[in-house]
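Here is what TrEMBL says about this protein:
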type: COMPBIAS; residues: 1414-1434; note: compositional bias 'Basic and acidic residues'
type: COMPBIAS; residues: 1435-1444; note: compositional bias 'Basic residues'
type: COMPBIAS; residues: 1476-1488; note: compositional bias 'Basic and acidic residues'
type: COMPBIAS; residues: 1579-1588; note: compositional bias 'Basic and acidic residues'
type: DOMAIN; residues: 83-171; note: domain 'S1 motif'
type: DOMAIN; residues: 187-258; note: domain 'S1 motif'
type: DOMAIN; residues: 281-346; note: domain 'S1 motif'
type: DOMAIN; residues: 365-436; note: domain 'S1 motif'
type: DOMAIN; residues: 453-522; note: domain 'S1 motif'
type: DOMAIN; residues: 542-611; note: domain 'S1 motif'
type: DOMAIN; residues: 634-705; note: domain 'S1 motif'
type: DOMAIN; residues: 727-796; note: domain 'S1 motif'
type: DOMAIN; residues: 1034-1107; note: domain 'S1 motif'
type: DOMAIN; residues: 1148-1221; note: domain 'S1 motif'
type: DOMAIN; residues: 1229-1297; note: domain 'S1 motif'
type: DOMAIN; residues: 1323-1395; note: domain 'S1 motif'
type: REGION; residues: 1-21; note: region 'Disordered'
type: REGION; residues: 36-56; note: region 'Disordered'
type: REGION; residues: 1395-1588; note: region 'Disordered'
């Protein structure tokens, strides 16, 4: 009706709407203080109007005043109703709900299940799965505070305290249920949630029944990019959308969420909005109808009216509104019953999709004085103006302490009041105030007011096991955990605390966002007067405070303070005395007093101590003074050097002189320049632009690295983890080096780990080789964990390149040389003439110098000239081969100045001294020679001109490690590109090195006097070279032992001369195994005799007459025999070469030597026999024990004396070759150690011995017992103990049999040695390896050179159809047992049998193949042949002869190796029927017939004779048999072959026109059948033709035989055409292709089968899928198997496919894959008991009983109750079969005790016990079961089973006993019935 009146207004006064009337009744309020402006206006109007209107005006006056008053009531909880549509703003987002701010200061809650249906479904799925879903995100990711949302009031409930709770729903189904699909129009603004992600967009739930809403991807792109940070939309994401297009009468709706479309969307009349479906959040164009002090009434969409209360006027236009003014408004809420509409004119609401600005909560809880009233609204509340100009509002109930005390007159505009901010209303952009005294004076109004460490009073609310709940204020509650109820742990807190008790607590932790408050009642903490630590910054060293122990560990105690701050008390700080076990002394929760030792706030680390020594008051005073002048990390400061410490400079930060420390590595980016700067800086020097790295109280750490300084200045230094993201390049320094990686710190104090794997592009053996502590590095962030405050870094050059390598290289070089120039200026400020001179010298300067001395190592020293102490030196290389003498004048060029050692390196090189003046071009490439190497750069001279150029050795800050092969050497050639053409102040040109490939090696001069590369010079001896001495040979000297080495002792003689005593010159008789050098101790005084002098340069002993003897190291002897005698033996000093000395030792001679070291690389012991004679003992000659050879270091000690045998001199070096195991002669019968160098499968090993001898081991000599894989345990480099069998060949013949190498062990010889045919006896059982399958039989190797032959009748009792089966089951190298049937020593022939009856071993073919047994006469061939050798019939000979011919192969064809060729002829010699010539045609015909009758299969007929009984032969000879045949004896078994497809036809025997089945390799053989044919008469040929025709007819008949086996693809094609749905045929077809290894064809057959088999034949199709899965598992890849599996799952029942694949994996022993698949099945088919049972069985078969038990438990949790008994019984059965029978019994007993009447379980239990238990157990269980009270029918069943059991296993007596019991039961039952 109302709508009608709006549409068709009648004349006269406007009537009040029904809705307005309804609204008036619905809201009842106190009207005491209502002031109406309308009343005044009506009074004025009354005077103007006539008396007739008076009555009417009175009524209007009453109505209008009531209308204004009630209509402009602001929203309150009473005016809300269920189903009310309202606009809200997200205020808080929690994990499980949203707090929504509603208009007029109201607040509601949206549960997580009220977002949308799709989101709720996902939640349920996650709960069911018990695992987080990937595509389900939490509410905090979907919603953010400030977001506007359309809600529906879902319920209004009253809490226990009488408060109303507003529950809201955002579900589009509830919000938009007022819309119908037909009402949807283009341009409408709706809200919806994403319900699913599709390929081309998103399905959006808009909650309108019958309408599907779709958001195309392109329409969402802008939103995703701008609002969603590029992430895809998630299920449950809330969207404001406009309808783009409506199709099918609202059935399909296309949406857009573009910012411009949404924010400009306006509701228009064309969209046909009605009172019923008007939605909050719509923006409308409206017209002001009426202006009142409480707000406005508006008219919109032609016939709607609505209210705008004072809170929702536009603040800028408030007071300026007038009637009929056009405005834009936003619908705030719609009352479903009264249809009252409220709107807002605030500009923020007029752009849908924009979030509201977030209000700061900083002032929440603040008490404000003198706040002026802005406006007072009777019955509603008052607005106040805050100091910052913002409006605030107080509800009427909050304007006074109670209604009675409320005085409206005190709230006139301008009056001031004291109030407190209690909340914020985001929807109204107002702070909410309270003037109640109780609220203003409350200490803690809200969680924000409570700070950790403060004392609070509260009331005990409840006492729970998890602690005590304490009420602190109306809104605030806190928890006291059980640990914090008292200083000690309380067992019964209820005895001390009672509900309602007032308690005083201290706050441990307060989290206002989570509304979490944790407090303590520990008396010591509550009453503590010491300062509380609430953040790491509070913890200043020396501070004393109270805390409580959180954890006690073996390394110390972790003590916790307030606000989750904690520190460590290390073990040594626990007490003044040592505490071995902290856990026994301290306990968790103990209150302790600690002192802070140190704290790093950035890392949240604190060290504490229980040792309280210092006075805290003094310390605190000291701290407060220092705080005044603090410097911050990241600040750049100037510093003054105070003094030098061990590892850095102590400095003062200017201007306040704050002490700080600057470590040496932090002086420069260049590792080498740090120590230089440290050396030359002195107290008083000032350094500018130094960076403060960290500041902890007194400890300020500084850094002067230019790279770090510029990074901080350029702002490239992230301050927190939130600023760091992967891929960033940061500059830092190495903080510490660990085995697993390098820790890098950045200027801000953040640090990360560079793990070993990504530390370098090169292989990292040791991390310390690559970096040094303090080194500057560039790091790339690869991973950031913000929670744990950790990051992973890469230091690889490939990741951290800062640009072009040449540029970086040049920059590093320039910086390095500039720093060195700075050092020069520091040097020039010194007073010393020497230092000033050095500072002025630069590389490239030419000097004229006088040679002072030429040293022994070839260096030249020059005289210091006018500057005392100046050292100028030219190395041997830089002497450039010139002859120089003392006093000679030379012109030199300076290469480099060593600023630490104060030395100048110069060169005499002609090219450098005489430089060519040639113009150089920048960027030109030159060849250069390296002249000098520094740590980070090198100096080279240009080949063309002789100019010196410097180039960097590193191309990057991280490029510090180079392999030896990459390092440059002096004299090496390089290619340089010049970057400067003039030498600057540094004196050097700057250049960049070209590619390393252009480097050339230095030509080394041949030294006549070379030192062996293995020689290590004792540094103690080198020192002594400088001293001259006057000793001569024979002098007795005294001295002190300086150091003891393995083979010599260094002695200091008088005058500081260094002497040497060799181990051989200490004792006269050296006991073997002792170390003579250990007899002397360091510091011991000794007397010795000089026996020689060693030249340090050549290591030769010089005669005393040699001029350099005075510079030798005296060689001494302390042997008692040497010291006693006057005479003495001097060392032989006249031999020129050490080789001559060695020649005096003979092979076989025994010597005593002294172990110097074990060379791991060369695998020998290095020993010394005398000071000038050295030897080597190869490892293999040290022992015959494997234990010793494995760990020689355990057996041989350095310095030990060894008795060794001389083997001979080592020709290459001056060494003696020695042996510890006697003379090394590899002669027959010797045992020696060798090393495997090669393993040849199926043949044997190649073994090498010291000195290059090689030997071979046959597989027959590897062990005394043969094995299937004899060479499995041998790998190259393995040490073996060998016995030399023969030395006749160039290579030794060896044996590893322990019966040879260790004869004394007398071990059992399973397989005797067979070295010749003489070692074999008839009847002997031997083992050997298959050599080959020949036409005549199987060759078996019995020894290295002996073979035997087993003819086919003696190979197997079966008759295989295919020869390939022989190759498959008798591969080369297979180990077989054979019986020797005969031995022919003359012919070297051995005949063998593999038959089970001879060997006692299984047949070579497994019975599972289903092969037909060989006919009796075939099997007995050999025996018959031997028994009736002389009585053989002619026919037999012909038969054999013809057969050879028909195959095109005679016996001569068997080709064997030379030694074995005779073997196959042996059996043939015994068989006279084998070689005769063809005799006549009739005989041949007879042969043909015979062959048709019983020829063996074509593959195995060669070399196997077939015998027939004579009767048969004679019967068949006269006539050709007719076509209708009685079945032939060979046929029956053939047709039953399961695996092979065999034709029973020999086409090659029918007619010469058909090609022979086997190709002959011998031309003679081919001619024989032809000759035979030519000799035949016409009649014979006719007969043959007839026979051929008959045979063809037989073949045709056979083809029609349904039982025939196919043998070609065509046959199969014919078969599958006739039976297309037979999976067996298809699978056989696949198998046929697989036999020929044609895998692709097999796959194609499977695909054909799947297309061909009818869709109804599900099982048949499944069979093919399973075959295909099998195929892919055996022959395919994991990827191809997965693809087939995924397809199979789509087309079949998934569970069946899963189970089949699991079986396939298990059978092929892919247990890991099977396990993973079962786990997938358990997730997908958790309701299927079959899956659980199969998985349990799988685990039990794998021996994982524990896992199987867990699976049963999980199965019972997942499966419905009704399945439990079956599952338990099945698992028990499995336990019986595969696991522990006792456990199985326990499971059954347990189940039957719960379900005693389950006869099925009893029955299974009985079966299992019968199968696996004893007879007593079986009878026990039967006795139990027949005494159960079950139905008679069931009891009969059990009695019958008991009776059957006893009949089978018991005696007659037992059977009678059971019958008696049955009778007893029947009688008892009948008597019960009678009763």
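Each residue, glycine too, has its Cβ placed from N, Cα and C.
Note that TrEMBL annotation is computational and uncurated.
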Whether the domain 'S1 motif' (281-346) meets the domain 'S1 motif' (453-522): three or more C-beta pairs under 8 angstroms: no
Stretch in 187-258, 365-436, 634-705, 1229-1297, 1323-1395 most in contact with the domain 'S1 motif' (542-611), if contact is a CB pair under 8 A: 634-705
Within the predicted model, mean pLDDT of the domain 'S1 motif' (1034-1107): 81
Counts by DSSP class (helix H/G/I, strand E/B, coil) across the domain 'S1 motif' (542-611): 10 helix, 35 strand, 25 coil
The domain 'S1 motif' (187-258) vs the domain 'S1 motif' (365-436): 3 or more CB pairs under 8 Å: no
For the domain 'S1 motif' (1148-1221), residues assigned helix / strand / coil by DSSP: 12 helix, 38 strand, 24 coil
The compositional bias 'Basic and acidic residues' (1579-1588), counted residue by residue under DSSP: helix, strand, coil: 10 helix, 0 strand, 0 coil
Tally of residues which DSSP labels helix, strand or coil - the domain 'S1 motif' (1034-1107): 11 helix, 31 strand, 32 coil
DSSP-assigned states of the domain 'S1 motif' (1229-1297) in counts, ordered helix, strand, coil: 6 helix, 32 strand, 31 coil
Residue distribution over DSSP helix, strand and coil in the domain 'S1 motif' (281-346): 3 helix, 35 strand, 28 coil
